[in-house]
Amino acid sequence: MIIPWGTDAPIYHRPIATVAMIVLNVLIFFAFPSPDYMDWSLELGGGRHPIQWLTNVFMHLGLGHLIGNMIFLWAFGIIVEGKLGAIGFVAVYLAMGACESAAIQFLVRPEVVRHMLGASGVIFGLMAICLIWAPRNDLNCIAFFQFFPTDHEIPILWFAGFYIVMEVLGATASQFAASSALAHAGGAAVGTIAGVGLLKAKLVDCEGWDLLSIMAGRKGQGGGKSTKSYSLADNVRKRAKKSAKKKMADAAAAATGEDPSQAALRTLRGHLEAGETEAALSFYRGMRRKFSRWRPPDPEWIELIKAVLAQKAWDDATGLMRAYIDESEFPSVKIRLRLAEVLIRRLDRPVAGERVLEGVAEAGLTPQLAEVRRQLAALAEQKREEGVLEIDDEVRGT
């Protein structure tokens, strides 16, 4: 038996809602005797009862069922609430419970099982979210072997992945009949949608350590230098405010007949002056997609590059610098050297870095920049001799 009790994942919000949910589940368990559960559990084959979509997730069949679920709710709830805040956690918790329960009541035909209940489906949803948001973090677990407890650290990816895969296999083996395995697998599916959706909507910041960033090779490149984390409610308000500001700016530009390129430059400058690097980069990319020939003036372009470099978002900065070098009439030598430095030192791409250095003639450099070029060339050669594995593809501008 393995009991998860803690984690090394960053917790930016106190687990107020997680504790409240545990207390509420315990109070309901002792307040309602078992026979009274049937009216509030999820009835199968008896029509649609929306109230049951929420009430059933607070019901438990026995003390063992309750204790097991509450242990897992604590272990995974603190991670999710730690990123969303209390309000966001409660909203996601209830939404997952309602969606999973509604799907089961609509789609599953009752055979032997006529009622389903328990927080397990929601907890598997939380497990799926944790697997997506914090796969590299560990769970602190107590394992009992021959009655002796031992402490272990198990990666969330393996712990949550194992449980989810086992339940999916169980649900498949039962041909998706009404069962605990189906509820768990359904909860994991809803949690996966919620986890990916909140990431894509940028309503949660995993600082580049989420599963999607890791799979895309962008790990550790989000979040910037600040360690401040906003709750889900804060992020929703920020995005609504940003959208309103953009609409007002577009309306003002249309009313005054302002040149769209000038309006775009003003918006980009506003983001940069406010320190909104992510918004500035997103706006820059949107303008490049909308107007293929648009580019900001060199001073703003370089300022954006410096801001992205300050966030240590190396892939994003590399694309920006490549686009600047390719399209600027008089590209800065310093940006060329910075691109080479990022490729060689940060991304372990010595061959690509050497190609950039080939376009920097040492004869025209100041003594300081010439020394920087020589050091980068030497470092690139050293990395090649050490056998650094490099996927030698061209760096594309953004």
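Along the chain as shown, residues are numbered 1 onward.
Glycine is no exception: its Cβ is also placed from the backbone N, Cα and C atoms.
Among the features that TrEMBL reports, domain 'Peptidase S54 rhomboid' is placed at 51-200. Taken through DSSP, the domain 'Peptidase S54 rhomboid' (51-200) splits into 106 helix, 18 strand, 26 coil.
Using a Cβ-Cβ cut-off under 8 Å and counting only residues 6 or more beyond its ends in the same chain, the transmembrane segment (12-32) has close neighbours at 40, 58-60, 63, 66, 69-70, 73-74, 77-78, 81-87, 89-90, 93, 119, 228-229, 231. Residues or ranges marked as transmembrane segment in TrEMBL: 12-32 (among others).
If you look at the transmembrane segment (53-80), the same-chain residues 6 or more away from its ends with a CB under 8 A from one of its CBs are 3-7, 9, 11, 15, 17-18, 21-22, 24-26, 28-29, 32, 34, 37, 40-42, 89, 92-94, 97-98, 101-102, 105, 116-123, 126-127, 129-130, 133-134, 137, 139, 156, 160. The transmembrane segment feature in TrEMBL is assigned to 53-80 (among others).
The transmembrane segment feature in TrEMBL is assigned to 86-108 (among others).
What TrEMBL records for 115-134 (among others) is transmembrane segment. For the transmembrane segment (115-134), the list of distant contacts is 7, 9, 25, 37-38, 40-44, 56-61, 65, 69, 72-73, 76-77, 79-80, 83, 92-93, 96-97, 100-101, 104, 156-157, 160-161, 163-164, 167, 178, 180, 183-192, 194-196, 199, 204, 206, 209-212: same-chain residues at least six beyond its ends, Cβ to Cβ under 8 Å.
Feature annotation from TrEMBL assigns transmembrane segment to 154-173 (among others).
Here the transmembrane segment (86-108) has Cβ contacts under 8 Å with residues 13, 16-18, 21, 42-44, 48-50, 52-54, 56-57, 77, 80, 116, 119, 121-122, 125-126, 129, 176-178, 182-183, 186-187, 189-191, 194, 198, 203, 231-233 of the same chain, all six or more residues outside its ends.
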